[in-house]
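This structure is in structure tokens; I'll ask about it shortly.
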Amino acid sequence: MNEYSFVKGHGTENDFVLVPDARGLHELQPGQVALLCDRRAGIGADGVIRVVRTDATDDPAAVAARGEATWFMDYRNADGSLSEMCGNGIRVLGRFLATHADVDARGPLPIATRAGTKVLTFADGDPLGEITVDMGAPALLGETTVSVGERSWPAVHVSMGNPHAVAFVDSLDDAGPLTTAPGHDPDVFPDGVNVELVVRRGEHHLAVRVHERGSGETRSCGTGACAVAVAAAVADGAERGTAYTVDLPGGTLRLVWTEDDRVLMTGPAVLVAEGLTAL
Ligand SMILES: N[C@@H](CCC[C@H](N)C(=O)O)C(=O)O
């Protein structure tokens, strides 16, 4: 058993265990991640973020980003599986770097991920301020179908570096408890998919439930909120630059799909605890 230091945080109640590992000494095994995320036997979280310098890991995404980003977000879902990207997690990681790692919040902060380098900006240059993430270009990949039990809905396949199926539904209660992964087309999503169920609350204002690949139903999903805003903007024929508000069970995110095809996501990030854990 080894002792690891950890920091616990959340973004709109999508919660994470951060494992600071600047020098790349703590490669995590899937079983260790699952234990950290276990809400009874471990610390409890929707995912784990190992915080490692790009020059201290041989992950190909980190290696490719050397020279443009100092830090790499090594993201794992609660079941130990890898994901390319986590929109809420990257804000929490940004908060950690600005408050615990001497990173200057007054300038843009590039962070390497498996879905490319994302750039964070802190409101007013305040290390405790709201964080905007340039999430890059979405990919709209066509129509598909998702189902829960006997119910099924048409959905839009959107990639934010990780896969999403966005379904507009009549009521967020229609799906009942999301205790298992919604049905989806394995040919379209061979590695699984994050599913967003969406209702409209007003003009450019949406409410969402999300079932995350590898984590189950969560209180929020940042990449999911981006996918939802993009699918809604297309359905609305909205001009680029239109601001969308997305309410999730754990809080609200603001999204803008820009003229130059980038999705900007703005929201909170909170660190709640830190300590030592044995694994
Ligand atoms: N909660 C995240 C997404 C985490 C990864 C996802 N479950 C996947 O497997 O792609 C977010 O805030 O984006």
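A Cβ is built for glycine as well, from the same backbone N, Cα and C atoms used for every other residue.
Feature annotation from TrEMBL assigns active site, proton donor to CYS86. What TrEMBL records for CYS86 is active site. For CYS221, the entry in TrEMBL reads active site, proton acceptor. The substrate binding site annotation in TrEMBL covers ASN14, ASN77, GLY87, ASN88, ASN162, ASN194, GLU212, ARG213, GLY222, THR223.
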Cβ distance under 8 Å to CYS221 (active site, proton acceptor), same chain, sequence separation 6 or more: which residues?
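In sequence order, the residues whose Cβ lies under 8 Å from that of CYS221 (active site, proton acceptor) (at least 6 apart) are ASN14, GLY87, ASN88, ASN194, GLU196, VAL210, GLU212, LEU248.
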Inside 8 A of the center formed by the CB atoms of ASN14, ASN77, GLY87, ASN88, ASN162, ASN194, GLU212, ARG213, GLY222, THR223, which other residues of the chain have their CB, for the recorded substrate site?
GLY47, SER83, MET85, CYS86, GLY89, VAL210, SER215, THR218, CYS221, GLY224
Neighbour count, 10 Å Cβ-Cβ cut-off, for GLY87 (substrate binding site): what number do you get?
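A count of 29.
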Give me the Cα-Cα distance between GLY222 (substrate binding site) and the residue listed as 'active site, proton donor', rounded to a whole Å.
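It is 7 Å, counting Cα to Cα.
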Just checking, which of ASN14, ASN162 (binding-site residues) has the fewest C-beta atoms within 10 Å of its C-beta?
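With the binding-site residues ASN14, ASN162, fewest surrounding Cβ atoms within 10 Å: ASN162.
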If you measure every Cα to Cα pair among ASN14, ASN77, GLY87, ASN88, ASN162, ASN194, GLU212, ARG213, GLY222, THR223, the residues listed for substrate, what is the largest value in Å?
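Binding-site diameter by Cα atoms for substrate: 16 Å.
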